[in-house]
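Here is what TrEMBL says about this protein:
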- 218-365: domain 'Aspartyl/asparaginy/proline hydroxylase' (DOMAIN)
- 48-66: transmembrane segment (TRANSMEM)
- 87-107: transmembrane segment (TRANSMEM)
- 119-140: transmembrane segment (TRANSMEM)
Amino acid sequence: MGTVKSFNGIFAFLVLQFLLLLLLELTDISLFIGEAFSFAGPIGMAEHLLLVSAILALLWFAWSALMEPVEIYWGTSAKVRMRKWMLPALLAIACMIAATAAVVLVTRRASPAGVESSLVSFALLLVPTAVTALLLVSALRRWQAINSGIAIMRGALERTGPSAGLDRVRVSIDWEDSASSVSVRPNPQGFTFAGLTSRPWHDPKDFAWLPAFVNAVDDLRAEAEAVLLNHETRIEHYHYVGLDGDFWRNFSFVKRHEEVPENLALCPVVAVLLKTIPGYPAFRDAMFSILGPHGFIRPHRDVSNVFLTLHLPLIVPPGGHIEVGGIRREWRYGEPLIFDSSYAHEAENSSTQPRIVLLVDFPHPELTKAECDWIRASKI
């Protein structure tokens, strides 16, 4: 969604809350002036107060759920103010108004109780209304700062020219400005492991076990071709909700930390090499990943940040790419790519031939052996 759209959503919700609180206060004033509930008795006023209390409680729940987006897209100071002012005010006033409703119900007093209660509700609502107004002022300043900052960043980028090697800068600004739907933030689905280095692309040179794979790329390709030719029935369709068709298939060696012995036996070079990767077999997946002609895998994130992903291209027709965190790389035969699939990523094979890579989701190199053992036991 991007920073601008996300912040605009938070700002719009804050504005709606302010207008809703004003509407509730105007209702209380009208009840006081017109004694609108005199005909209905104390039960009518109690229902009104309970409705107000429920609205405040729902707002409290909503802002409690929005604390992380507030911190990410507005700032830590805004989150602190919300927790210090907004949440206590909403919860406390909701409880007080609910208590007032209980008094009206218990005493069952007639019209004067309704009038007095509307005044109590009006006075109590002044607190969250004032807090919301103060936060609106802060939000408006933040909105101006975001847009001003983006304008400065874009101006500096435009002055450098298109050939300055600043593609990552451009992608990052597009996300900030909500001009692109491709997220550059990791934000993995599901479980997030603390303290792991996070970046969309990793340098293959940092992995000491990888040269052996590159040196054996011809043998690995031969095994992939043999699978296609002789073991078509063992190739499975990869099920993923973002697919439009059956063009993504796999021949698995490891599934959710468990070896597939029959397939490993058919590809002895793969079997030997996989065991050289630290953490084996605590892999999410290891497979020949087959992306069919004109196949497109929509942007998605994988569950958890505890794995990195290897793509070793084996059969690579022209016109294919993978994009991670808005940064695009092309597959080239025998040239490994390593990325963090907790970032939004997509892949496309625009050719008329299948594309095959050796794909391995292996434990993040900063995990200890004990942590890898725990990951396997937890089946993350």
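Using N, Cα and C of the backbone, Cβ positions are placed for all residues, glycine too.
For the domain 'Aspartyl/asparaginy/proline hydroxylase' (218-365), the number of residues in each DSSP class (helix H, G, I; strand E, B; coil) is 29 helix, 62 strand, 57 coil.
When Cβ-Cβ distances below 8 Å are used as the criterion, the transmembrane segment (48-66) is approached by residues 10, 13, 17, 20, 24, 27, 31, 37, 82, 86-87, 90-91, 93-95, 97-98, 100-101, 104, 117-118, 121, 125, 128 of the same chain, each at least six residues removed from its ends.
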